[in-house]
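Report on the following structure.
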Amino acid sequence: MVNGRLRDTSLIVDLDALRHNIQEQKKVLPENSKILAVVKANAYGNGLIPVAQTAMTSGASGLCVAILDEALELRDNGIEAMTLVLGITSVEDALIAAQAGVSLTVGSLDWLEQYHQLAQVAKPKKPLKVHLGIDSGMGRIGFTEVAAFKQAVKLLDSPEFEFEGMFTHFATADSPDENYFNQQVQRWHQFVASLAELPPYVHMANSATGLWHRETITANTIRMGISMYGQNPSGRDLKLTLDLQPVSSLVSSISFVKQLKAGRSVSYGATYTAEQDEWLATLPIGYADGYPRCMTGYKVLVDGQFCDIAGRVCMDQMMIRLPKYYPVGTPVVLMGKSGDQEITATDLAERAGTINYEILTNISNRVHRIYRQSK
């Protein structure tokens, strides 16, 4: 996809904030605990390679991605850290992972048996690193029965495998109601207790667990996802227990400004009509950039002041009402701080009827990323 370097719309990524957030989490964990930095979905929209590089120099012990292609992109850019693919990979493509030293999630005995048979023919030069997924209640992927899990562990003794880890994922760790979370913890403990010897990476904690359930962590590794990017996994349901700093800000600038006469309408559908003469500015950003079309009627920040979006958000542009004349080139903040005011990813998510995760990951590759750090 074309990257809009010649357009004044950018996602500002603060790598110092990323580093700070990792250290904030690390200092409240037991000594020798490992952090896996979750960099799937283009590092939650912030840029896979720069974020992965920063995470690995800031205390992370490894990386997590969603699909094998993301892991191979890391390898192609010289990042050789332990990298776990959290989703299911086909048995055939697992040979590629083995050669690249990429760790795969496996959630069934059948998958292991198929790879075992394939390896007898293909004879891979390296063992496949495996993390066994435990479905303790998420209902997505993983072993649900201890007996099948133990059979899988036994099969991992074969030379074509390396039993590197085991993990689960909590469905409600970001909820004030802890009942279902506690049920999942109990199921997880059953799987852990079934092994006489644990693999090097044992991880049960996601971002929410690391924030609100640290006392329950009976593992040596935590996966740091949305919290690494300075966002609250619960939205506003639970108060943050760490001093997290937002990593990304979405900014643009005024590309065109004019005085709109009373009675004139703006944008598709003519849904907004000026009641009096007013200043109107156009911004070079739209829903094709990941700024939701449903934000019509919401607000942005200009010179520390909230300004309303006028009319419908277009594919590539949008219009805003100004309190007074501002020249072309004036900065506009769509997500982030301006003066004493701020629009957060959670603010945008609430307006759009979604979660802050989706706001970040929907920012398209057409939006140029600018990375800032002090060292």
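Including glycine, each Cβ sits where the backbone N, Cα and C put it.
What Swiss-Prot says about this protein:
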ACT_SITE  Lys40  active site, proton acceptor
ACT_SITE  Tyr268  active site, proton acceptor
BINDING   Arg140, Met315  substrate binding site
MOD_RES   Lys40  N6-(pyridoxal phosphate)lysine
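Burial estimate for the recorded positions (Lys40, Arg140): highest at Lys40, by number of other CB atoms within 10 Å. Long-range Cβ proximity for Tyr268 (active site, proton acceptor), meaning a same-chain Cβ under 8 A and a gap of 6 or more residues, is found for Gly311, Arg312, Cys314.
The Cβ of Met315 (substrate binding site) has 11 neighbouring Cβ atoms from other residues within 10 Å, across all protein chains displayed. In the three-state DSSP classification, Lys40 (active site, proton acceptor) falls within a helix.
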